[in-house]
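Below is one structure, written out as structure tokens, with a few remarks after it.
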């Protein structure tokens, strides 16, 4: 089986056997063997050898390859969406939007590169001051499973655009999406060695992160893994590390006029992608009193009607599955743990079929829980916390080690401005779902959600480093010599 793409060639793995499964049917989608350390090293060396020629290409030449990649994605959009749905359980309508995001990433990255890391110059005395940017060299990209096409693409595209070469290790749960993506790069004419693919689980990731031949690592995934990488890179300021991690995101609800609009926005924030977006609302802060009671009652009633089903089911469901049976069981266990601590199940999250990773939306009131776990429960489980006043709501919203996303539903601009100033998050939304983000904006958080290397529109910043130069075409003595020097 040809599993890994190294130096322009597909080759079989020499490590443990890997399988990706359809989360609903448990059918095998992809199978192969992981990369061992020697294969990881070969991928890094291939990238190192390809780097000088790729970096020396003109920016326009690299853009041409990237645009051909986008064109290939358009040609294979249906197959890519099918693969994303099959491997992640995401409904086809949502998988199709992910492919569209992959395509659009190319033009957005080019615009960002020109604005943030292009070339700038100006006169300075008898010289010209020039600012240019250089690629780091060889960078590793670790991809997640929830957006197996779009999120790795958000690192790979700007990295290649800047002139870097890449070794890509996707999630072991979504290897087929990665394989299809790499095939699109090959069809686009990307030179051998510029992008290398190594499939594998933890052992492959450890080998790649520890390889001395990489100049940087771009990671999207859990805070636990991100923290381990941060510790591993401690004392290595020469290597660039960009961490995009999760959040225990709060959504604060004020007493708004349009109750159903609030309910719909909450659902889009908490349960889209079966709650498997890093920006999903995990904590819903609702005012005490009759208005808050009415909101929660309406939310529960509507959530009972949310359709859950297989990725290709017709009519299309709103929610697909979570990524695996293991993930589904962990979420059911988390709900039970919250209930044991005093949480009240307002709408119990259930797993209708023991052999399918389909979960129904869950809502649990944890107001009375004294020691609420500050964890990211990555699925359709929403915790409700009732608050006495707006300041208490903001304090509770900030009561987390994370700082990725926060939102407010309110009819008052003054309240939003007050909330915005006091909230601690990299994404702060007003009357919009937490899971909505502008492609023309940076994406990242503070605290345990990242290391101040915002991605998306700001990915260009960590894909190249600035080089400042003073330049003049001819060497000449200045009109006035420095005191104490005689020529």
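Residue numbering: from 1, along the chain as shown.
Glycine residues also receive a Cβ, built from the backbone N, Cα and C atoms like all the rest.
Keep in mind it's a predicted model, so treat the numbers as computed, not measured.
Feature list (source: Swiss-Prot):
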ACT_SITE  244  active site
ACT_SITE  278  active site
BINDING   221, 222, 223, 224, 225, 226  NAD(+) binding site
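Distribution of Swiss-Prot features across the structure.
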residue : record              : contacts (Cβ under 8 Å, 6+ apart)
221     : NAD(+) binding site : 142, 144, 171, 244, 245, 246
222     : NAD(+) binding site : 245, 246, 376, 378
223     : NAD(+) binding site : 245, 246, 376, 402, 448, 449
224     : NAD(+) binding site : none
225     : NAD(+) binding site : 219
226     : NAD(+) binding site : 219, 243, 245, 450, 451
278     : active site         : 146, 244, 245, 246, 247, 376, 404, 405, 449
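Secondary structure at residue 222 (NAD(+) binding site), as computed by DSSP, is coil. In the three-state DSSP classification, residue 278 (active site) falls within coil. Summary of the NAD(+) site environment: with the site residues 221, 222, 223, 224, 225, 226 set aside, the chain residues having Cβ atoms within 8 Å of the Cβ mean position are 219, 227, 228, 229, 245, 246. Residue environment of residue 244 (active site) contains 27 other Cβ atoms, counted within 10 Å of its Cβ in all protein chains.
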